[in-house]
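Working notes for the structure below.
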Amino acid sequence: MKYIGAHVSAAGGLANAPARAAEIGATAFALFTKNQRQWRAAPLTPQVIDDFKIACEKYHFSAAQILPHDSYLINLGHPVSEALEKSRDAFLDEMQRCEQLGLTLLNFHPGSHLMQIAQEDCLARIAESINIALAQTEGVTAVIENTAGQGSNLGFEFEQLAAIIDGVEDKSRVGVCIDTCHAFAAGYDLRTPEACEKTFAEFGKIVGFQYLRGMHLNDAKSAFGSRVDRHHSLGEGNIGHDAFRWIMQDARFDGIPLILETINPDIWAEEIAWLKAQQIAEAMA
């Protein structure tokens, strides 16, 4: 079964996120558990935690259908020790918030070497950052998102994702989230079913589908291989509809949150309905 949704706002309280997801016909959702552009946040109160859990139950969202995202400020591969510690502390806080909320996944961007350390050293720092957080939490999987490779961001090649996983001690609590826009911008073609087959065969060989814990379904304004991260609505960008139809009809993408981060929230309900319809089309074929 496919879990399909979008990254919804938690404005006004975390308990509003499940309601907003239900309003657009979603069977999955992503959210920030705190302001994504600030380092610090007030601790979660028992009331906030209870309200969120009650709302998830009310709208039938289990932890497997929810993909929280961490702060954009965090860089787990930071070349400067003091800044690295700040990121590690913030990441641990994000993991602990998920733990408190009963969530089992935390999606994050791996990090950037900022042109100051070697790529291999940065990847090792990211893996060690994950190890530090996993050692102090329970039940939450660290889900590494592939990047477009913009600037000095790492995680744009499957080999880089595999290298990070290789450095994580508890393999049962690390996974990846594949963003289709990022993959396309990084040079992984998705424009035809044949291209999708090839790209995901490569993913399966290098990373492994056992580590796939979520996806971001985004078309791309950016050109193929451009290393530029610019999302678009489904079918309106340079990837086109075929990739998303193909994903909906492949059982390897069952049971994980498939999250829209497309540019027009006003049509998320339509995009979710279209994605669901592709599943039905396959079932009837």
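Cβ atoms are placed via backbone N, Cα and C, with glycine included.
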Legend entry - Further Zn(2+) 3 ligand in Swiss-Prot, beside Asp229, His231, within candidate set His182, His241: His182
Inset, instruction - Among His69, His78, indicate the single residue that Swiss-Prot lists for the Zn(2+) 1 site containing His109, Glu145. - result: His69
Legend entry - Residue among Glu120, Glu197, Glu236, Glu261 sharing the Zn(2+) 2 site, where Swiss-Prot lists Glu145, Asp179, His216 as binders: Glu261
Inset, instruction - Quick one: of Asp179, His182, His231, which binding-site residues lie within 10 angstroms of Glu145 (Zn(2+) 1 binding site), measuring between C-alpha atoms? Sequence order, please. - result: Asp179, His182
Inset, instruction - Work out the three-state DSSP category of His109 (Zn(2+) 1 binding site). - result: coil
Inset, instruction - List, in sequence order, the residues of the same chain other than His69, His109, Glu145 whose Cβ lies within 8 Å of the centroid of the Cβ atoms of the recorded Zn(2+) 1 site. - result: Asp70, Asn107, Phe108, Val143, Ile144, Cys177
